[in-house]
Amino acid sequence: FNLQLEGEKGNQEEGVCPPGGLGLILHEAAATDAMEAIEEERTVDDCGVVVAPPNGGMNELLDVGQEDNMQGQMEEFLGPQAQYNEEEEERKYYRRKRLGVIKNVVASSFGAMIVYGVYMGLLQMQLILHYDMTYREVKYSNLGLEDIDRKMLMGINVTPIIGFLYTPVLIRFLGTKWMMFLASGIYALFVSTNYWERYYTLVPSAVAIGVAIVPLWASLGNYITRMAQQYYEYANYREEHVQEQKKLPKGACHNYIIVFQSLFYVIFNLSFVFAELPMRLVLHHHLHENKHILANVKICGAAISGVIPGFNTTVLTNLPRSMLLIQVESVLMGFAFLSMIIFLVLCGPAYRPTEEIDLRSIGWGNIFQLPFKHLRDYRLRLLCPFFIYSGFEVIFAVSGFSLSYGVCILGLKSLWLLIVVYGLSSSVFSLLSLCLLRLPRWLGLIGGAVVHGVLLVVLMVLSVKPSSPDQLGPLLVITALWGLGSALNKTGIS
């Protein structure tokens, strides 16, 4: 036994495998072959379909590691985030909502400004062209449209008297946003009828304008008020009555209404400025000088009623080309469509879907009675004279004062300058309504009435002569002050 052990040690030292070691190696090799055969047999399922063999022990360990890593990533993703701040995200969300409300107010203001800029610019250009005798003879001699302007103005100014009867029904049926969109479309229709000037196109479109005026302003006022209410809700989203969508406390959003109405009139009053672009860029070069237009004018100012006595019936040096007028109307038509797109795309809904359902649950009879029910409030009855005066003072500014004083003293070529100054002053002074955040709200109405009262006295005693260009400065000051009174009046009523 000892000799055998020594022989095996010697064989191992000489690098020769002993007989027993060789057998062990062969046995291990056979076992390995058997294991591989078994694994190969496992790659065939019961149906005889070959299945991909495993990747080996090392790959199995790697797969286990990847699964553990993936599970850890999923737990990290689904678990509570250390960097996530729910309160901060909620604050950002409502900040975006408030910015959306401001966007709606600005968009609706620009839409209304474009609509009225197009409407007043086209109407002014029409009235000047139709006043010229040569233009009427050439254009309307065979059509019998000599009194078309009077009938159009009657359709525009008389129809709104009955507007309060159908306005609540239209807004209830269409909704606030869609009412603004439809009304702007009617103004675009009025522009389009000027491509083909006939009784059956101009007069119906003028009546449609009168029908749309009251719903347009009612929907605009309601939209601005609703945006103020939404802004209050988004700014005070933690309040219990806001979270439960209860009725807001009385006077809770008055400050926001004042701010948004001020912003609206700052933008809207610029419509007087843009309305003068057709006059300044197109007709200005076709107008006669003052010595021709005002040759027979003897008096100006408060003594004039209606058309200036002695005003020349030919105010155009030469007739504008028909293609030029078509191009101007096409540009105005494009801006009218732009206002429709602004109302449709940029203005968000005024009410939530649930609120729309609540509004539509109101019966048609109750909707029809709403204007009369509102008059039960004595404050609205007291404001009725201001509503009427608010319309007449604007008409006086752009027609009575501008003609009896502006055109009579400065000439027709300076008319655009007076209207631009009036629009700019009304726009800038609308910011004064922000003082109502700290002062009583009736101060705006009283302030506007006082300014206009003083100016009316000055105009009645003012002695002026026709064709006096040196009076440009005083007239511009009076125009700017009248714009101040208009701004206080409009924002105070709103």
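Cβ atoms are placed via backbone N, Cα and C, with glycine included.
TrEMBL does not curate its annotations; it predicts them automatically.
Residues annotated as transmembrane segment in TrEMBL: 101-122 (among others).
According to TrEMBL, the feature transmembrane segment maps to 152-171 (among others).
Residues or ranges marked as transmembrane segment by TrEMBL: 202-224 (among others).
As annotated by TrEMBL, transmembrane segment applies to 256-275 (among others). Listed as Cβ neighbours of the transmembrane segment (256-275) (distance under 8 Å, sequence separation of 6 or more from its ends, same chain) are residues 105-106, 108-110, 112-121, 124, 220, 224-225, 227-229, 231-232, 398, 419-420, 422-424, 426-428, 430-431, 433-434, 436-437, 441, 483, 487, 490-491, 494.
Annotation comment: TrEMBL describes 331-351 (among others) as transmembrane segment. Counting same-chain residues at least six beyond the ends of the transmembrane segment (331-351), those with a Cβ under 8 angstroms from any Cβ of the stretch are 100-101, 103-104, 107-108, 110-112, 114-115, 117-118, 121-122, 175-177, 180-181, 184-185, 187-188, 191-192, 222-223, 226-227, 278, 359.
Beyond its flanks by at least six residues, the transmembrane segment (382-403) meets 120, 272, 304, 307-308, 415, 418-419, 422, 445, 452, 459, 478-479, 482-483, 485-486, 489-490, 492-493 of its own chain at Cβ-Cβ distances under 8 Å. Per TrEMBL, the feature transmembrane segment maps to 382-403 (among others).
Among the features that TrEMBL reports, transmembrane segment is placed at 415-437 (among others).
The feature transmembrane segment is assigned by TrEMBL to 442-465 (among others). Long-range contacts of the transmembrane segment (442-465) within its own chain (CB-CB distance under 8 A, at least 6 residues past either end) are made by residues 300-302, 386, 393, 401, 405, 408-409, 432-433, 435-436, 471, 478, 481-482, 484-489, 491-493.
Listed as Cβ neighbours of the transmembrane segment (101-122) (distance under 8 Å, sequence separation of 6 or more from its ends, same chain) are residues 180, 183-184, 187, 190-191, 194, 209, 216, 220, 223-224, 227, 230-231, 234, 260, 263-264, 266-279, 329, 332, 335-336, 338-339, 342-343, 346-348, 398.
Taking Cβ pairs closer than 8 Å, the transmembrane segment (152-171) reaches residues 179, 202-203, 206-207, 209-211, 213-215, 218-219, 222, 364, 367-368, 370-371 in its own chain, all 6 or more past its ends.
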